[in-house]
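As annotated by TrEMBL, signal peptide applies to 1-15. The disulfide bond annotation in TrEMBL covers C42-C352. The feature Ca(2+) 1 binding site is assigned by TrEMBL to E53, I116, N167, D168, N223, D268, N269. Annotated Ca(2+) 2 binding site per TrEMBL: D54, in sequence order. The annotation active site, proton acceptor is assigned in TrEMBL to H114. According to TrEMBL, the N-linked glycosylation site annotation covers N269, N323.
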Amino acid sequence: MGRLVAMSLVGISLALLGERFLALRNRLNASREIESIDLPNCHLIKGIEAGSEDIDILPNGLAFFSVGLKHPGLHSFAPDRPGGILMMDLNEKKPRALELRISRGFNLALFNPHGISTFIDDDGTVYLFVVNHPEFKSTVEIFKYEEEENSLLHIKTIKHELLPSVNDVVAIGPAHFYATNDHYFSDTFLKYLETYFNLHWANVVYYSPNEVKVVAEGFDSANGISISPNKKYIYVADILAHEIHVLEKHTNMNLTQLKVLKLDTLVDNLSIDPSSGDIWVGCHPNGQKLFVYDPNNPPSSEVLRIQNILTMKPTVTTVYANNGSVLQGSSVASVYDRKLLIGTLYHRALYCEL
């Protein structure tokens, strides 16, 4: 009798593991292939060879790039080189990406930047918020952009128990932000288990010097986060659920979900066109190719433009798609004055004139 019970438990466990494996393949879109949709006026950006995971563009056309992310389980073309922040002036006829110098005292050797966000204070001061993973931990670094020196002055490092696995931030003040945790756990093995069993424990946290709190939860893997031009709504990408969540922001900084837009791709970072309110999304058509890297069958890239997301029927347009022959693993798309920048998780970056 005891052996029969044991065998039954083993059988149930194997069935559960098999079901979870098939479910994970579906969440990764493991069978999806895409047809390329090219843009006519594009070129690869010189100097970005190992990823530009996130991009944020100031209203004056200065674009910040987060480059060189390393992450457990992800491929890297420069595993021994620390990350950095690059800048490009999109007002120039032939803009170039140049690395910004960071002030002394900041540990550049362990700099591993992920999501980024800018905030302009009332006096014109520009702050750059950077998700950092030194030794694969999670911090949020706040820098002040020094325009005359074209450099970054490190202001503060933020660590908190409610920020165990930060993916992205959206700054709403000089020391205030919303952040996504793509996992509940900080331990790498527990993260794998959390993903495999689809626990939906990822969340969004509000941080200020006086208050830190969870303001939205129940995500499969909360990823990119952004804010509407009128500052009333927060947009959150749930990458493995293939969803964009629209949340209303209240005066106490709590968030209430208004709607969910379901898509057929893994949505990564979200960028807002301030003139139209359109959401530009860097996407991964096939997540399995992203995480199991094969140079002969590389991950593809996809850029979506979402118009009128607050209406009953938003318009979703595929602006760019590539099978990996040009761009592998697109993670962000940002626009300024009919110029489009497309960054990737660990590959190159693309500059296009629309």
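All residue numbers here begin at 1 and follow the chain in the order shown.
Backbone N, Cα and C atoms are what each Cβ position is placed from, and that goes for glycine too.
Other C-beta atoms found within 10 angstroms of the C-beta of E53 (Ca(2+) 1 binding site) number 29, with every protein chain shown included. Between the CA atoms of N167 (Ca(2+) 1 binding site) and N323 (N-linked glycosylation site) there is a gap of 25 Å.
Taking all protein chains in view, 25 other C-beta atoms sit within 10 angstroms of the C-beta of N223 (Ca(2+) 1 binding site). Here the recorded positions are C42, I116, C352; the one with the fewest Cβ atoms within 10 Å of its Cβ is C42. The shortest Cα-Cα distance between D268 (Ca(2+) 1 binding site) and any of the recorded positions C42, D54, H114, N323, C352 is the one to D54.
Other C-beta atoms found within 10 angstroms of the C-beta of H114 (active site, proton acceptor) number 25, with every protein chain shown included. Looking only at the recorded positions N167, N269, N323, the densest Cβ neighbourhood within 10 Å occurs at N269.
Taking the centre of the Cβ atoms of E53, I116, N167, D168, N223, D268, N269 as the Ca(2+) 1 site, the nearby residues of that chain (Cβ within 8 Å, site residues left out) are D54, H114, G115, V131, T180, G224, I225, A237, S331, V332.
Each of the binding-site residues D168, D268 was scored by other CB atoms within 10 A of its CB, and the lowest score goes to D268. Listed recorded positions near D168 (Ca(2+) 1 binding site): D54, H114 (candidates C42, D54, H114, N323, C352; Cα-Cα distance within 10 Å).
The C-beta environment of D54 (Ca(2+) 2 binding site), restricted to residues of the same chain at least 6 apart in sequence and closer than 8 Å, consists of F65, S66, P113, H114, G115, I116, D168, N269, S331, V332, G343.
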